[in-house]
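Here is what TrEMBL records for this protein:
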TRANSMEM  9-26  transmembrane segment
TRANSMEM  38-55  transmembrane segment
TRANSMEM  67-85  transmembrane segment
TRANSMEM  97-115  transmembrane segment
TRANSMEM  218-241  transmembrane segment
Amino acid sequence: MMLCYEGKLSLYCFLGAMLSLVLFYGSETFWFERKQDLWTKVALATGYYVALNLIIRIRFNPRDYQIAVRAAFLGFVLSAGIVVFESAEEKYKAFGIYATLMALFHYSEYLGIAICNPKTLSTDSFILNHSIHYALAAAASWVEFLLEVQFVPEIKTFKVLWILGVLVCLAGESLRKIAMITASKNFSHIVQFERHNEHELVTHGVYSKMRHPSYVGWFYWSVGTQITLANPICFVIYAIASWKFFHDRILMEEITLLNFFGEEYIKYQERVPTGLPYIHGFRMEP
């Protein structure tokens with residue numbers, strides 16, 4: 001399958017920003033004879049990222065710039081996460097893992113749509129501006145992490161939580177991306193209220209095991225980020241808030257799916273669960 005122009009542009013800029021890692025780790029080998037201190041290498045990598053953004057701003061038209069600057073930002077965040085994990089004190093390393101997971105998730109959302117359903121592709125496909133609630137939840141997790149680093153730093157150094165959190169995130173993300181690819185042109189980040197001619201009910205593959213695998217994957221990825229950060233408060237809040245969000249989202253989406261597919265979807269509901277605990281979706285009254 002050929003990657004569309006926007007997908008290629010995003011990939012080039014994402015990988016281009018990750019070249020900041022070459023500057024960070026290669027400065028001593030390729031450019032300088034004497035050993036560089038950490039902050040000098042950070043300045044070199046950051047300077048490269050700033051220069052890349054200037055090139056992007058000059059090179060591309062406004063539409064392409066919005067794609068390129070977001071992809072480059074995520075590439076730089078991923079690179080920064082690797083540096084934090086490798087170079088920071090033990091108590092901060094979990095945040096480096098978290099930053100890497102966040103960057104991979106948001107960039108792969110855009111790339112996934114570029115591959116499976118490019119007609120619906122937009123800058124919103126990065127889901128960086130998903131909602132104010134999403135932004136506040138992320139900020140709350142950062143605040144909790146930093147506060148606990150100061151007052152109970154020992155809980156941030158449990159490597160078993162890092163490993164468990166990464167495994168949960170990768171499992172959730174993999175499930176979501178498999179769902180996107182399986183649904184192909186039927187997948188969209190936006191609930192559809194009008195049925196298009198090419199819109200089909202997908203019931204094969206992972207959809208034969210659960211009706212909403214992309215939401216299941218996102219739910220567990222969300223909770224997994226807080227396991228990685230060892231954030232006990234946000235772990236509980238994320239679990240409850242994510243469950244409520246997907247409960248309401250599935251309810252709304254299944255009303256439209258019943259309107260689109262009628263009896264076919266009712267039979268599908270009877271055979272296959274939603275995939276999320278205690279969420280049953282919208283049921284037609286007998």
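Positions of Cβ are set from backbone N, Cα and C atoms, glycine also.
Note: the stretches the transmembrane segment (67-85) and the transmembrane segment (9-26) are in contact (3+ CB pairs below 8 A, sequence gap of 6 or more). Listed as Cβ neighbours of the transmembrane segment (38-55) (distance under 8 Å, sequence separation of 6 or more from its ends, same chain) are residues 13, 16-17, 19-21, 23-25, 27, 69, 72, 76, 79, 83, 87. Among residues of the same chain six or more beyond the transmembrane segment (9-26), those with a C-beta under 8 A of the stretch's C-beta atoms are 3, 41-42, 44-46, 48-49, 52, 56, 60, 64, 67-76, 78-79, 82-83, 107, 110-111, 114.
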